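**Q** Take a look at the following structure, please.
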Amino acid sequence: MLSALLILLFYWITGIDPNWSGGFADNFFAELWGWVKDCFQVLNYFTAFASYYNRVTWTIIIELKGSMMVFGWLFAIHGLRVQWRILLTLGLSVALVLFSSYAFYAAFFIGMMMSEIDLLHESGEIDKIWLPWNPLSNYLRTRRLARTIVLHTTLLVALLLASFPVLKWDLPPEVAVARCSSWPSSLFNMTPPQYWDKGATSGIRDFWYFWAAWLLAVSIKELRWAKELFESSFPQYLGRHSFSLYLTHLVVGSTFSRTILILCGFGYHGGPKAKWPFNRFPVGAWSGLFPAIWGPVGWQPGVVLDLALSLPLMFWVAEIGTKVFDRPSVRMSAWMWEKWKSMR
């Protein structure tokens, strides 16, 4: 909410065309009142979607709801034996994926189940518990070559599913699928019907991204080279600032990055409907050095330049955000938890 307020102030002070739909209110105080109402909307567990001032925060709402679901589930099953906790959590996750359209909530429960299994491995108690996949795990544990092949195959399948195309929202589903002719049509046919009803653009993606995330988590933590890669300094840096990057990247992208793209010839970022200051930038002023028509899509010189200039700025802004938002919120949460425990 504080980040949304700072974004609001940024756009009002600079006068830059905001990136949210609807634009500015009639005056600053009306905008401030709109921010207050937006905060209450975001805090409403049942109807919240995203902050009006930072649309990417829709995933924070998903995280809030998913975390509360996990809390309620743990409250319901905490008294059961470990074996039943794991099996029931697995069953709930699969049911959410196959019989509802909320695969992203199933990811919370799968993550919880994997964490509990990892703790059992750490304590050495996993061998005392019967699980359906124990025979396969024991078999692969004693056969290094087979284990390596299975894990690398799992990683490749996960990367394939993580690359599942997002269908164009403005086309009928059958036409959008035909546009993805290079993708295996069997995967579209295997998608449960409720995800098509939810929306071909996001629904199908959610279904397959769940399996991709699960398989990636399983394979990466077991493959030494992959685990070392994600434990290296740069991924750890991204992890430290991931929350702030998430909150601030859209502001940088919709101002600085957009300007670079306009100057490099991507005119749809600064056409006749653009507002100040984007209607003042000469479209293609840098296209002689960084033309928009060279190279494959996404690798044009102008796009590469835009990334090279924007990413350092995003990282710098994110580091500021980590100091301003992330660390104080962690300290405040720890303080509140200690106060809560003292009330026992």
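Note that Cβ sites are derived from N, Cα and C of the backbone, with glycine treated the same way.
Pulled these from TrEMBL:
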SIGNAL    1-18  signal peptide
TRANSMEM  60-80  transmembrane segment
TRANSMEM  86-110  transmembrane segment
TRANSMEM  149-167  transmembrane segment
TRANSMEM  207-224  transmembrane segment
TRANSMEM  245-268  transmembrane segment
TRANSMEM  299-318  transmembrane segment
**Q** Would you call the transmembrane segment (86-110) and the transmembrane segment (207-224) in contact, using three or more Cβ pairs under 8 Å, pairs 6 or more apart in sequence?
**A** yes
**Q** Looking at 60-80, 207-224, 245-268, 299-318, which one has the highest count of Cβ pairs under 8 angstroms to the transmembrane segment (149-167)?
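**A** Maximum Cβ contact count belongs to 207-224.
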**Q** So which residues does the transmembrane segment (245-268) touch in its own chain, when a touch means Cβ under 8 Å and the partner is 6 or more beyond its ends?
**A** 3, 7, 10, 16, 19, 54-57, 59, 238, 277-278, 281-287, 290-293, 300-303, 305-306, 309-310, 313-315, 317-318, 321, 325
